[in-house]
Amino acid sequence: MGTKTHNSRGKIFMIYLILVSLSLLGLILPFKPLFRITSPSSTLRIDLPSPQVNKNPKWLRLIRNYLPEKRIQVGFLNIDEKERESYEARGPLVLKNIHVPLDHIPKNVTWKSLYPEWINEEASTCPEIPLPQPEGSDANVDVIVARVPCDGWSANKGLRDVFRLQVNLAAANLAVQSGLRTVNQAVYVVFIGSCGPMHEIFPCDERVMRVEDYWVYKPYLPRLKQKLLMPVGSCQIAPSFAQFGQEAWRPKHEDNLASKAVTALPRRLRVAYVTVLHSSEAYVCGAIALAQSIRQSGSHKDMILLHDHTITNKSLIGLSAAGWNLRLIDRIRSPFSQKDSYNEWNYSKLRVWQVTDYDKLVFIDADFIILKKLDHLFYYPQLSASGNDKVLFNSGIMVLEPSACMFKDLMEKSFKIESYNGGDQGFLNEIFVWWHRLSKRVNTMKYFDEKNHRRHDLPENVEGLHYLGLKPWVCYRDYDCNWDISERRVFASDSVHEKWWKVYDKMSEQLKGYCGLNKNMEKRIEKWRRIAKNNSLPDRHWEIEVRDPRKTNLLVQ
């Protein structure tokens, strides 16, 4: 009996083991091994599962709620092949992922070649920056995803990089091409990179959001179209009246696009001339003469003058009578300037970006006069200016577009970016590295080096005069007092001096009263006349008999 019981228990245990083994085998068989050894002597080969394509990448999650109710096409720019799968989107929302190739920029195309110091304004050419030309359905996308090059980027200076410019222009080109094909089609551009896009092409007003290194924009296509009309640098004079469809980058055979020409200004804009006075009244006379010269040229555009508390009520009355609409501002100190230096408060000029009740402004320094009507400048985009030296522009006259977010950006960057000259010009050149060249006729600087300007005269086709050195109203009208000071003779010209006084002569007696001489001004003039006489300066201007009536009618201080 005991033996039977023992055998029975053994059978039950064996059956239990078999059932457990079968259960474990059933669990193991459905799983495939992650690797296998192909032969005893071969190298170990590991077959890993294929990476899963990201069906809902971050850029899509960010803009999903902005997309139209249709299947979208996505264009990718500057996305490395190894990264493509992680950025591509799949699913019912996406019709097609299109990777747009970028041709290499020739090695001889550098930033200096795009921004030469001097050009022949009548016959200049620019290097070519190749832009992609998608054809057919590939040229019509709803979203552009572009990785922006950030090599060399720093928060302390501007980034002048031709590859970065190419990617930004390519994104703009593709957006405009797509927007032409469907009326009122919105195109979104997503930039990936810590430095973000070039704000000269994609301004902050068009930014939908920024999340870490993702920058989402909904560009205003008429403005973007005009950007693409501009030369790729200051290597050519920017056109003011241009038609879309005639850009250098557009193939001539695309007649269907060229027929959709629009003027550079898509709608009626509110525009104005603007200048700034701060810290002293030294330029009140200059601002009055500037306003009068604008009116004498035939322009009837609005004129805005920003001023701080240092401008007296008496001067404000004269400025208003000259034609300026007055607005009080608080000064802005240049963060890197020395205390009590001449440029300590020059960043006050940045306040012009706060004049947001206007779409476009032409800023002009108060030591300018206008000789020919300059209203055509309002057709230029931000930032347009005349060249200064090297790759830099002169901020004495510039076309800009007011913007609250741009002003905020300028303020934030003013504490990080140090100006090369301590003033606004050096700072703005680090902000707007991609600018558009105006003719030197618009900003003809009163400067004469002995090598090129021995006669100290200017051509007759000058449209705007920028008075460097001692200003005409602090000299006798009889001659340019820059002649009396050796180191200032590069600014001296009697013929250019006379042009300012022609504007003065057409002013009312009330306005002329703001341009008089006081006793201290006369003493300074006479001091340098004596020094010039003692040094026997060869031009002998110190011998000229002074007949300026202001000399005998000095202002009471």
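Note: Cβ is positioned from N, Cα and C throughout, glycine not excepted.
The candidate list His199, His456, His466, His497 contains one residue that Swiss-Prot assigns to the Mn(2+) site with Asp365, Asp367, namely His466.
The Mn(2+) site, placed at the center of the C-beta atoms of Asp365, Asp367, His466, has further neighbours from the same chain whose C-beta lies within 8 angstroms: Gly286, Ile364, Ala366, Phe368, Gly396, Ile397, Tyr467, Leu468.
The closest partner of Asp367 (Mn(2+) binding site) among the recorded positions, by CA position, is Tyr467; the full candidate set was Lys349, Asn394, Asp424, Tyr467, Leu470. Taking the C-alpha positions, the distance from Asp365 (substrate binding site) to His466 (Mn(2+) binding site) comes to 8 Å.
Looking only at Cα atoms, Lys349 (site 'Important for catalytic activity') sits nearest to Asp424 among the binding-site residues Asn394, Asn421, Asp424, Tyr467, Leu470. Counting in whole angstrom, His466 (Mn(2+) binding site) lies 17 from Asp424 (substrate binding site) by their C-alpha atoms. If you count neighbouring Cβ atoms within 10 Å for each of the binding-site residues Asn394, Asn421, the highest count belongs to Asn394.
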